[in-house]
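Structure first, then comments.
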Amino acid sequence: MESQSQTQTTPPETPKRSPFTGIFHKLKTNLAFRSKLAEVNGAMGDLGTYIPIVLALTLAKDLDLGTTLIFTGIYNAVTGAVYGVPMPVQPMKSIAAVAISSTAEEFGIPEIMAAGICTGGILFVLGISGLMQFVFNVIPLSVVRGIQLSQGLAFAMSAVKYVRKEQNFSKSKSVGDRPWFGLDGLVLALACVLFIILVNGDGEQEEEEEEEERSGSRRRRWVWIRKVVSNVPSALLIFLLGVVLAFIRKPSIVYGIKFGPSKIKLVRMDKEAWKNGFLKGAIPQLPLSVLNSVVAVCKLSHDLFPEKKFTATSVSMTVGLMNMVGCWFGAMPTCHGAGGLAGQYKFGGRSGGCVALLGVAKLVLGLVLGSSLVGIMEKFPVGVLGALLLFAGIELAMAARDMNTKGDAFVMLVCTAVSLGSNAAIGFVAGIVLYVVLWMRNYGRVKPTGLPLQVDQHP
């Protein structure tokens, strides 16, 4: 017995797997394109929001465009690899609005950067402490949908304004009716809108194979044509058209192009800049960042990509880290945004590779052309940007279509109306108060469902 036990061969030990192997595999999976042309097209879906705000801050406040492109490009690449979804990187809209509406002495570059650092620091603390995840878990879905609907409608209304009116982004106002014809005319903008509708439709995936089985040869031919048309990269073609038209509108911008990156330097911020940045910039921005940049983004991501698992904690921390690093060097304060995610999804973005590709493009442009891109952006047709922004807003607003009970729809619409009439923070408070009042009114009368979001069971 003893000799037999000694002669028994032990099974070979399995080689230990390096902890980095799993990380690399996850990053590779997150960056893998689902469809190459569609992902490239989806990368353009966020530009309708990004370009106008960046251009406005560059013209009005002398924002360093080259530095902003470099840092936002890095943010895009990193968040795409980490999350595996087309996670957008957008300007902090409330801080940008305060900056554009104020003089350089009142709220200039130091105040803008101080506001971004303060906002990012608070979001990072909320994330690492777990408070942001708690907020995400307790906010009723109907209130989140109200914020999403209001933000989507706000985007859509801004898009209509871009299409109908000529814009002065440096002063953040319309300056007159857009002419019907021309290289930035109303006809061009409407043609872009119709082209997107023709190619992308309403965004619903159709059962092509089942339809082909039920239909005859003529019907199958039409289905094939429609499938080919739906694969056309509409947003990419429209963006390239805008770039070409920018050079046609002002050929002399070629001579203004200078190669090489901007000189990155630290921004000096005195006590007054920190004070004004926090009071005038960070405080108005915080509710919008919490609701739209974290809560609404996480909810929309879970709706669009249920297989991707990440928390409000991680999203809040990445927003915080982006601003706690980049703003010291003059990069525009940034956040994630449900509108950008909806826009990129609308035009075909399905993976982190979508935004990583956009990030690489920004990084290359920032390193090669730097701030000389301002001349091109200044002549980019605003009506074309309006066409892209319109569908990003509509896609975000469409997320609210799952409010199936009368009570949920009531809370959502009140939250939306108040948000559009004032701001997202007041709309959020109104939605929460209304939700609690309805819950108290229906307590004991409504059958318990285990779901705190059902405030009314009657259609």
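The backbone N, Cα and C atoms fix where each Cβ goes, and this holds for glycine too.
Given the structure is predicted, the values throughout are model-derived calculations rather than measurements.
Taken from TrEMBL, the feature compositional bias 'Low complexity' covers 1-11.
The region 'Disordered' annotation in TrEMBL covers 1-21.
Long-range contacts of the transmembrane segment (112-136) within its own chain (CB-CB distance under 8 A, at least 6 residues past either end) are made by residues 57, 61, 63, 92, 95, 98-99, 267, 269, 273-274, 276-278, 280-282, 285-286, 289-290, 293-295, 298-299, 311-317, 319-324, 326-328, 330, 332-334. Per TrEMBL, the feature transmembrane segment maps to 112-136 (among others).
The transmembrane segment annotation in TrEMBL covers 180-199 (among others). Residues of the same chain lying 6 or more positions beyond the ends of the transmembrane segment (180-199) and with a Cβ under 8 Å from any Cβ of it are 162-164, 166, 229-230, 232, 234-235, 237-238, 241, 245, 248-249, 381-384, 386-388, 390-391.
Beyond the ends of the transmembrane segment (228-248), by six or more residues, the same chain brings 37-38, 40-45, 47, 183-184, 192, 195-196, 198-201, 254, 347-348, 376-377, 379-381, 384-385, 387-388 to within a C-beta distance below 8 angstroms of the stretch. Residues annotated as transmembrane segment in TrEMBL: 228-248 (among others).
Annotation source TrEMBL lists transmembrane segment at 354-374 (among others). Same-chain neighbours of the transmembrane segment (354-374): 31, 33, 39-40, 42-43, 46, 55, 58-59, 64-70, 72-81, 86-89, 256-262, 344, 348, counting only residues six or more beyond its ends whose CB sits under 8 Å from a CB of the stretch.
Sequence annotations record features per position, and here TrEMBL assigns transmembrane segment to 380-398 (among others).
The transmembrane segment feature in TrEMBL is assigned to 410-438 (among others).
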